[in-house]
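Step one of this worksheet: look at the structure below.
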Amino acid sequence: MATLWGGLLRLGSLLSLSCLALSVLLLVQLSDAAKNFEDVRCKCICPPYKENSGHIYNKNISQKDCDCLHVVDPMPVRGPDVEAYCLRCECKYEERSSVTIKVTIIIYLSILGLLLLYMVYLTLVEPILKRRLFGHSQLIQSDDDVGDQQPFANAHDVLARSRSRANVLNKVEYAQQRWKLQVQEQRKSVFDRHVVLS
Amino acid sequence: MESEQLFHRGYYRNSYNSITSASSDEELLDGAGVIMDFQTSEDDNLLDGDTVVGTHYTMTNGGSINSSTHLLDLLDEPIPGVGTYDDFHTIDWVREKCKDRERHRRINSKKKESAWEMTKSLYDAWSGWLVVTLTGLASGALAGLIDIAADWMTDLKEGICLSALWYNHEQCCWGSNETTFEERDKCPQWKTWAELIIGQAEGPGSYIMNYIMYIFWALSFAFLAVSLVKVFAPYACGSGIPEIKTILSGFIIRGYLGKWTLMIKTITLVLAVASGLSLGKEGPLVHVACCCGNIFSYLFPKYSTNEAKKREVLSAASAAGVSVAFGAPIGGVLFSLEEVSYYFPLKTLWRSFFAALVAAFVLRSINPFGNSRLVLFYVEYHTPWYLFELFPFILLGVFGGLWGAFFIRANIAWCRRRKSTKFGKYPVLEVIIVAAITAVIAFPNPYTRLNTSELIKELFTDCGPLESSSLCDYRNDMNASKIVDDIPDRPAGIGVYSAIWQLCLALIFKIIMTVFTFGIKVPSGLFIPSMAIGAIAGRIVGIAVEQLAYYHHDWFIFKEWCEVGADCITPGLYAMVGAAACLGGVTRMTVSLVVIVFELTGGLEYIVPLMAAVMTSKWVGDAFGREGIYEAHIRLNGYPFLDAKEEFTHTTLAADVMRPRRNDPPLAVLTQDNMTVDDIENMINETSYNGFPVIMSKESQRLVGFALRRDLTIAIESARKKQEGIVGSSRVCFAQHTPSLPAESPRPLKLRSILDMSPFTVTDHTPMEIVVDIFRKLGLRQCLVTHNGIVLGIITKKNILEHLEQLKQHVEPLAPPWHYNKKRYPPSYGPDGKPRPRFNNVQLNPIDEEREETEEEVRLLNSTTL
């Protein structure tokens, strides 16, 4: 049962990545289907010509109409000059997906925010809680180790202690502690011993 | 109880301490015994994706001996864990390939049995394509996320879009009609920080305010990035390509391609790019794609249980990474082939191609830059180039090569200092300082203030009449009847001259900062800064040649092509060639680089200039040192990477390299059938070798096979748990037939199933040239040296690497490193003046460190051989 639970958790975490990928893809499709009116533009850049200064024209227009004659309005020159003027203008049809941008930024910021909260919890809040719960004894005995100044330093203790209890909530704690041990080890090899990635 | 099992199982699986050294390791809470709790291994296996078939294999290269021998064997059931590897160990490609063949045969033979088995075999056959598809999808989506978020955050340093906070500057002014020809990027919706805070858009006050805000954001992004890396996933720092190269060559770094690394790398990459540091996102994108590949390969038993097969997926994933980084699918495939992959069969080539295609497609449909292209600095040229221009192109190649050589030496010296002195203890402070210096210097210069990708875009773009940047401030004195495309060479205006000065300053700044930036503890790629340096240099050269041609169009080289009013020099093209040359000088790539740049520009006619420049830069760079930046970092970190590109030209013999050396204690061997469990356990505890040859008997000394330490430990532990009557005095039997034993003795333990019956052997007179070739081509981990069938010693991959290093120092005594003359720090040498041992990094715990020189070596128990 427990292993089933663990396996499901693991499968879930594996699938979450594919879900993210698929949802982004889906979003793209959705936003393509309901193409926002603001999401297309035809931008014409016209350089200075005779007495007219350079100008940028910008219009929501379909791709086939994206040329100087449709976009430049009002036309600054008259008659035979129109062709010469328009030859110099460069019109570009561009499209974007504002929904994708919005959703991406929101997803990104929320993940970043969650990570920051978790980081603050791990580095600031948890040590305080631990101190309150378990008193000073452990802190003193582990003070001599340099690595212990860093977050997760007491992962061993928690790991050892929590083995005695067994329920679903503890499972999460095990996973967390195991992960903490791994990160601690990685940190040692990268930052303290400089054996990888230096 | 159940939770305990979960814990042990999981801990065991992710163990970063080798089981073998567990007993003395403080990290391990319970000693080695409890780890091997195999009571629940069956259901664990099912859930973990290690299906029962996955772990069972016999170590026979032919795969045919098992049927008769295993009938009586109690250990015929798979022993979970046998055939896996410890962290920081090298895989045995031959063994993994055998394992895969075995598995394939089993599935194929079952295929006919039922429809379900048929489906399973179909699924198995398709799983390769499925996993690369998923990898491509995920890496494309993540690249899109990184692109969009990085653009937005970069612009956040400058201001914010009040009407819609999630838009960057360009998107904010998307529909605005208020932009003017002169000031194209101004629109009322976009507010700079000065406008928001002190309410004025112009003047010194607003400049200072913007300056302060720029530094503030840069520092906070850099701080966030480095602290996230430090707290959650230290492996997420750096570019990742050296490590991926090493992993693909068959090294295990657990957690390097894991979920947390992926998440933190993605998130912090955006922060690092946005902080304005002199780094790019291209290299880390390869790492991100490889993480995706690794994670998805866990869904398919074919790949999750076989390290060699997994590396095929990773090869394809790295192609997908470059494909989305540069929008160059074919360049990505070639990059994977030329630069990162070690083992690249044709099947992997097609899969890489497909993964690159899928990834590029996904990124294109996300359209992160709004230009319907995969990269920001896509340019399209159609102007021709002329023969005399090859000369400046080759000059740019020389510059690229010099820059590459300088960068590699300087950066390695700096990284070595970080590695070996106290200064490496303050990674957060280092990042903050580098970010602060970068921000303070970068802001006043418009070319360094820009996002590096945008800078490259501006440098690549040719000056049409529509350009308004100061780089295109030429004096226009022609009559107004010319059309857009065909602009003749013109005299430069004041704007161009001031732009050149600024570009020169930017060049110096970028060169210095990139040396110090590459290797700090945030995700940092090298491609973009290198390209920027090359593009700046190229653009300067381009403008110079253009002006030369304009003012001296009667010189004989210009006479033919550059008449007055002709458009003969395109400075943007020079920028492109310079970018390729500098990138080539740093990474020493050739084919893939040219293809990447040509895919960036979509102009087939520039292949020859690009080839000329890239080749020159490689030659010039090789003259100063043969290795590229990635190989240099691999060497600096001492990863066990046997480079297939180097040649071995010495005349040493296998006997000169093998261990034990003359004065060493003899090789530790096991005998076929007269050792007890206690004997073996003692030997395992006393020695630190990773494997032991098995011989017939002390008398005959003939070789039977090879048993790995990890497999032995696991098998003995599991036998003690599961089998009745296995005690310390039980005989261990590797032979096919159990010897006759006295009646009262305990039952023998049969370990034939973990014995490698066909270890690679060479004779003691085999030239090292051939041995090195065998190791490279077959990906061996160790090789036994025999004489008349008698085991003499063993050669491991590490012995070969040590030997190569030794020969290198012997034959071409290294000149004192570049920094040794200038600055006084002796990083590569130990306190007593002796060179430090080279392999100082691949171990994790102190006990491993004393093991390092002798790892995988085996000593002979009695030295009566020969």
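Please read every residue number as a count from 1 along the shown chain.
Quick reminder: no glycine exception, Cβ is built from N, Cα and C everywhere.
For reference, TrEMBL has these:
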- B:126-150: transmembrane segment (TRANSMEM)
- B:214-236: transmembrane segment (TRANSMEM)
- B:256-277: transmembrane segment (TRANSMEM)
- B:284-301: transmembrane segment (TRANSMEM)
- B:313-337: transmembrane segment (TRANSMEM)
- B:386-408: transmembrane segment (TRANSMEM)
- B:428-447: transmembrane segment (TRANSMEM)
- B:499-520: transmembrane segment (TRANSMEM)
- B:532-553: transmembrane segment (TRANSMEM)
- B:573-598: transmembrane segment (TRANSMEM)
- B:658-722: domain 'CBS' (DOMAIN)
- B:755-814: domain 'CBS' (DOMAIN)
- B:818-856: region 'Disordered' (REGION)
- B:847-856: compositional bias 'Acidic residues' (COMPBIAS)
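Contact check: the transmembrane segment (B:428-447) against the transmembrane segment (B:313-337) gives fewer than three Cβ pairs closer than 8 Å, residues 6 or more apart, which falls short of the contact criterion. Counting Cβ pairs under 8 Å to the transmembrane segment (B:126-150), the top-ranked stretch among B:214-236, B:284-301, B:313-337, B:386-408, B:499-520 is B:284-301. Tallying C-beta pairs under 8 angstroms between the transmembrane segment (B:284-301) and each of B:214-236, B:313-337, B:386-408, B:573-598 places B:313-337 first. According to DSSP, the domain 'CBS' (B:755-814) comprises 26 helix, 18 strand, 16 coil.
Within the chain carrying the transmembrane segment (B:214-236), a Cβ under 8 angstroms from the stretch's Cβ atoms is held by residues 153, 156-158, 253, 255-256, 258, 260-261, 263-265, 267-268, 271-272, 274-277, 427-428, 431-432, 434-436, 438-440, 443, 449, 520-523, all 6 or more beyond its ends. Long-range Cβ contacts of the transmembrane segment (B:499-520) within its own chain (Cβ-Cβ under 8 Å, at least 6 residues beyond either end) map to 226, 237-239, 277-279, 403, 406-407, 410-411, 414-415, 418, 427, 430-431, 434, 437-438, 441-442, 445-448, 455, 469-471, 473, 526, 529-530, 532-533, 536-537, 539-540, 543, 629, 633. Averaged over the domain 'CBS' (B:658-722), the predicted model reaches a pLDDT of 84.
Counted with DSSP, the domain 'CBS' (B:658-722) comes out as 24 helix, 17 strand, 24 coil.
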